[in-house]
Amino acid sequence: MLDSIEIQEAPSVYPTLEDMSDFQKYTQQLEKLYSKDFGMVKVVAPKDYCPRKQDYTTSIEHLQIPSPIEQNLHGKGGIYECLHLIKKSLQIKEFVKRSAKIQPNIEGKTSLEVEKLFWKNASFSPPIYGADFQKSLFDQGCIWNLCELDTILKKGVSQALSGVTEPYLYVGQWKSLFAWHKEDYDLGAINYLHYGQPKFWYCVSSDNGHLLEKCAKLYFQESFTKCSEFLRHKTGIINPYIIKKKFPEIKISKIQHNPREFIIIFNGAYHHGFNFGYNIAESVNFATNSWLTEHFLKANKQCLCNKGVVRMNHMEFYDNIVKNHPELKNQPFIKKFHELLIQGGFDKQKDYLQKLLEEKQSEQIEEQQQQNTNETIINQHHHTSDENSLSDSTIKKNEKEIKIISKKIDKKRVNAKKNQNKEKKQQNLKNNLLLKAKTKKDQDIDLKQKDVEKYEIELNQENKIILKKNQKTEIQLTKKIKKQENKHKNNQKIKKQKKKEKKDEDIRNKSEESLQMSFMEKSNDIMSEDLTDNQIQEYLPKNDYNMFQTFQR
């Protein structure tokens, strides 16, 4: 039924190194051309592009994947929820060995054939995915080095954000995947495939995102009841052909992503995909200028389930831009961003001021700690003028207060860590219980499947035996028919031969009778003429003469 549904191919572009020299400018050109209809574009790097001089095998085989995840799909018929189980860290070379054991033979298959193979086997044999660990394989100074992308995003944040402004590595194997999701704050994303088997991407543009959300709410009602931003959990998987069937008007694009190629996901686009086999990819977020006004201000809905989710303050973002890059303050897109902040961002400014106040108080405490724990500084203060000096009693009082505050801070940190560990254990326990339930269900399915397979094997064997018997009987009948045909032919031949012999005999008999009659007539003629014996002998041939003599007697 889904075979009749078609999904459009995303566009591919082939820039030169000169085209790639200004990342911000080039991506904004691509955004105008392709973001609305496709949500993504593939950028094929030119032949002279060199992201890394070292190899991707021996040079990284000892690289440690800190927290690989086992991806267990729970569901059926192309609708799944992915349960992630964190596994022990392992080296790349060990990951490669494990990947080889589960790798199917896809050589010579089209991307459509691999797609069908993936969706047919998606819920079986959970793969391991080395996802979200901070590392880059680009050489320093390389064009489009994902560590060095200079976009408005980096200008607006006050510190590096892992996976957002600092790239993550992703080590995949057959069937490892990423579920439908948008980037934090609806940012854009860029993914470079360094090495290995291809990736496969599906994408829904920002303008069509509401249709995907509508479809997801139909299939994950309970999950959306618990969290209105469920898709940000990155666990909801829906076969895109099912989405297209349900909502024919939705624009979905797809594309195969090969080594030495970039995939650019535009602002606010939903994306989902899987890996053809062992590969290494690198990804980071970026922002075009339009993101500030069209997405950042509107992306207020953030998932609150995960405490580690990225948080950015709108007013702080603006202040960082104009403070560190004053030349941008009068740019039209920055002025528009500021105007919109003033119009509807009062609460955001208030939160920002509160945050600044808390940070200032924290800085004061740290300064006081440093001042009172450093004897040299204390002595210097003690010997200065009465107006600026600190008395011994004041110093002791401050030290006492600082110790109390430090103890409280340490206690809070310990409690926070305990709570974090407790939550982690509870989550792992929950995941294990869900996995056991799924495993039991899968085992029951497997048993039924095995019974069906066993019956099919027995049926096939019976069919083979019957077929063999039929073939044998057919051969015997053929031989019998042939034998009868040969016998019939022989009989016909014999009959024909006898008929011929009889005919020949009749002819011979008639001939003899005729000869005899003729001879008798001749004999009578000879006798009537009263010829002598010598005359008769001359007249008749020798044989006839002998016969004549016999006839006379």
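Keep in mind that glycine also has a Cβ here, set from the backbone N, Cα and C atoms.
The compositional bias 'Basic residues' annotation in TrEMBL covers 489-501. Broken down by DSSP into helix, strand and coil, the compositional bias 'Basic residues' (489-501) contains 13 helix, 0 strand, 0 coil.
The feature compositional bias 'Basic and acidic residues' is assigned by TrEMBL to 502-513.
Residues or ranges marked as domain 'JmjN' in TrEMBL: 10-52. Summed and averaged per residue, pLDDT over the domain 'JmjN' (10-52) gives 97.
Summarising the annotation, TrEMBL assigns domain 'JmjC' to 138-303.
Residues or ranges marked as region 'Disordered' by TrEMBL: 409-435 (among others).
TrEMBL lists 481-533 (among others) with the feature region 'Disordered'.
For the domain 'JmjN' (10-52), same-chain residues at least 6 beyond its ends with a Cβ under 8 Å from one of its own Cβ atoms are 137-139, 142-145, 149-152, 188, 192, 194, 201, 203-208, 251, 253-255, 257, 260-267, 269-271, 286, 288-290.
Secondary structure by DSSP for the domain 'JmjN' (10-52): 15 helix, 7 strand, 21 coil.
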